[in-house]
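Trainee: So Swiss-Prot lists these for the protein:
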- 1-21: signal peptide (SIGNAL)
- 36-96: domain 'Kazal-like' (DOMAIN)
- C42-C76: disulfide bond (DISULFID)
- C49-C73: disulfide bond (DISULFID)
- C62-C94: disulfide bond (DISULFID)
- N85: N-linked glycosylation site (CARBOHYD)
Amino acid sequence: MKGICSDAILVLATSMWMAFAIDFPLPMASERGQLDKTIVECLKNVNKCWFLSYIKPSEPICGSDQVTYSSDCHLCSKILFEGLNITKLYDGQCENS
C-alpha cells in the first residue's frame, strides 16, 4: 500500500511539473533575430504541442501577418509545416481580428 501511495504522489508531482514547465513563450517581434529564435523555439518544443492542447487552454496570440493564432503551437505549425515567415507580435488577439 505504501508503494502505491508513493507512486501516486510521484505521478501527481510529475503531472503538475509538466503542466507548468512545458510552456514555451515565443520571442516577441521587437527582439532582433526573432524569426531565427522563433524557429529554434518551435523546433525544440513542437513535439510537446499535442500534450499542451490537452492540459492548457488556448491563449490567442497575434502574428506579424496580423492574423490571430489560437496558441504558440498553432503559430509554430504554420512556420514549420507551411513555411510561413511570421513571428509573434504580442499576446492576445490582433486588433483587426
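Going from the start of the chain as shown, residues are counted 1 onward.
Each residue, glycine too, has its Cβ placed from N, Cα and C.
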Trainee: Whole-number Å only: compute the distance from the Cα of C73 (disulfide bond) to the Cα of C94 (disulfide bond).
Mentor: 17
Trainee: Using DSSP, how many residues of the domain 'Kazal-like' (36-96) fall into helix, strand and coil, respectively?
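Mentor: Secondary-structure breakdown of the domain 'Kazal-like' (36-96): 31 helix, 9 strand, 21 coil.
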Trainee: Cα-Cα separation of C49 (disulfide bond) and C94 (disulfide bond), in Å?
Mentor: 22
Trainee: If I restrict to non-local contacts, at least six residues apart, and a C-beta distance under 8 angstroms, what lies near N85 (N-linked glycosylation site) in its own chain?
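Mentor: Set apart from N85 (N-linked glycosylation site) by at least 6 residues yet with Cβ under 8 Å, we have L35, I79.
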Trainee: Within the domain 'Kazal-like' (36-96), what mean pLDDT does the predicted structure show?
Mentor: 88
Trainee: For C76 (disulfide bond) and C62 (disulfide bond), determine the Cα separation and express it in whole Å.
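Mentor: That comes out at 12 Å between the alpha carbons.
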Trainee: In whole Å, note down how far the CA of C42 (disulfide bond) lies from the CA of C94 (disulfide bond).
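Mentor: Between the Cα atoms of C94 (disulfide bond) and C42 (disulfide bond), the distance comes to 21 Å.
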Trainee: Only counting partners 6 or more residues apart, tell me which same-chain residues put their Cβ under 8 Å from the Cβ of C42 (disulfide bond).
Mentor: L26, L75, C76, I79, L80
Trainee: Just to be sure I understand the packing, how many Cβ atoms besides its own are within 10 Å of the Cβ of C73 (disulfide bond)?
Mentor: 22
